[in-house]
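Undergrad: The structure under discussion is supplied below as structure tokens; questions concerning it will follow.
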Amino acid sequence: MDALMVLYAFLIFCPLFMLWRWVDGKRNQECYILDYECYKPTDDRKLDTEFCGEIMKRSKNLGLSEYQFLLKAIVSSGIGEETYAPRIMFEGREENPTLADSLSEMDEFFRDSISKLLSRSGISPQDIDVLVVNISMLACMPSLPARIINMYKMRHDVKVYNLTGMGCSASLISINIAQSIFKSYKNVNALVVTSESLSPNWYAGNDRSMILANCLFRSGGCAILLSNKTALKHKAMFKLKCLVRTHHGARDESYDCCYQKEDEQGRMGFYLGKTLPKAATRALVDNLREIAPKILPSRELLRYLIVTNIWKWRHGSAKAGTTPKPVINFKSGVDHFCIHTGGKAVIDGIGVNLDLTQYDLEPARMTLHRFGNTSASSLWYVLAYMAAKKRLKKGDRVLMMSFGAGFKCNSCLWEVVRDLGDAANVWNHCIDSYPPTTLANPFMEKYGWINDEDPATFVKEDHI
């Protein structure tokens, strides 16, 4: 009889124990953002209109046609006068960078943002279990993660991941690495560090497809503290709901649209091809097709399926473009859109494809205007803008979307865990002045005369 009771108890409690283990395992696989710190360089690194003009003038390989092209590009870029550049630009040595310049640029960011983040969160460097660093265009030895470990004296068993060459979408790849580790280990703190080193990457030639990068990219960075500790979830700001990565590297047209290369004179630079918009659109469509079923309510998916089939039945034989296709309503499952500030055209293109309003696009546009394209870290400046404007409320869902060389499109959905209140961030010093009455920069007013110059009589030295 006793043996039978033991057997019955085993049959009852064993499934309950297995269920508890499964629930407990799932509970510890969550990915929370405890805090994040965007980098604000010092004011002596600001790029105003006059100084930008001086940089262009001292570029020896630029002629009248390149000046006119650059003026048109910067006027229409959506970038303002308060973005930041590395110190090497202000010393006039952008064409002769050293390794020390690159490391100094990174050290300044590390010491500022990581220190502020750890201090504010109350997390010690010794409490960091995972370190993920993504700096796309600087590889050194020892690695940049090793530099951070040495700087903050982290533990000898910290798990380290160093990403290079991943482009502007790298921060979500870093988040994905932390998320994967959280699924295998309990009670883990992860530090993600995302930035770009501009010091060694100034293009000194005259290839238009490569000098465009000089206009768009600016200094910035972000340190993000993540955890899967259930004991810390009440302190968390965001919880990751899902993350989707799309890579079109197998397509030659997508692979070749943006990459680092040497021009015909052997000068290194970052090439942006004419097929970039097409590659970005294709990657975005494929990415949204995969993430939509994960984040949108069933009623919206059903509505879209029905109206799409009706549209095909009515207009299947019509010429392409004569009647607009049905658009899925992402606002049915998303409250805020955090868009990569790759450029004005990128932001406008996403706005058209997702049928977003000016209110939805404001955070990305203001970030581009104030900080420029800070590569993989730009998403976090956009998120910080929303927080500074007190848009993010408990339960809100934020869709992040980023693009990168390869060609890649990565996206994820965050849920706001708590009201963020008056949490300090990089926008606090100027948020009351945004959005400004106009985003027009003064470059045309200052340098518009260049468009009236005659190529036959233009002498560069007369204007320096």
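Positions of Cβ are set from backbone N, Cα and C atoms, glycine also.
Note: TrEMBL annotation is automatic and uncurated.
Annotation source TrEMBL lists transmembrane segment at 6-23, 160-182. If you look up TrEMBL, you'll see 26-307 marked as domain 'FAE'. Per TrEMBL, the feature active site maps to C168, H247, H336, H340, H369, N373. The domain 'Beta-ketoacyl-[acyl-carrier-protein] synthase III C-terminal' feature in TrEMBL is assigned to 332-415.
Map the listed features onto the structure and describe their local environment.
TA: When pLDDT values are averaged over the domain 'FAE' (26-307), the model yields 91.
Taking Cβ-Cβ distances under 8 Å and a sequence separation of 6 or more, the neighbours of H247 (active site) in its chain are G406, F407, K408.
Residues within less than 8 Å, Cβ to Cβ, of H369 (active site) and separated from it by at least 6 positions along the same chain comprise G78, I79, G80, P436, L439.
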Undergrad: If you draw a 10 Å sphere on the Cβ of H340 (active site), how many other Cβ atoms land inside?
TA: 31
Undergrad: Using Cα coordinates, what distance in whole Å links H336 (active site) and N373 (active site)?
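TA: So the Cα of N373 (active site) lies 20 Å away from that of H336 (active site).
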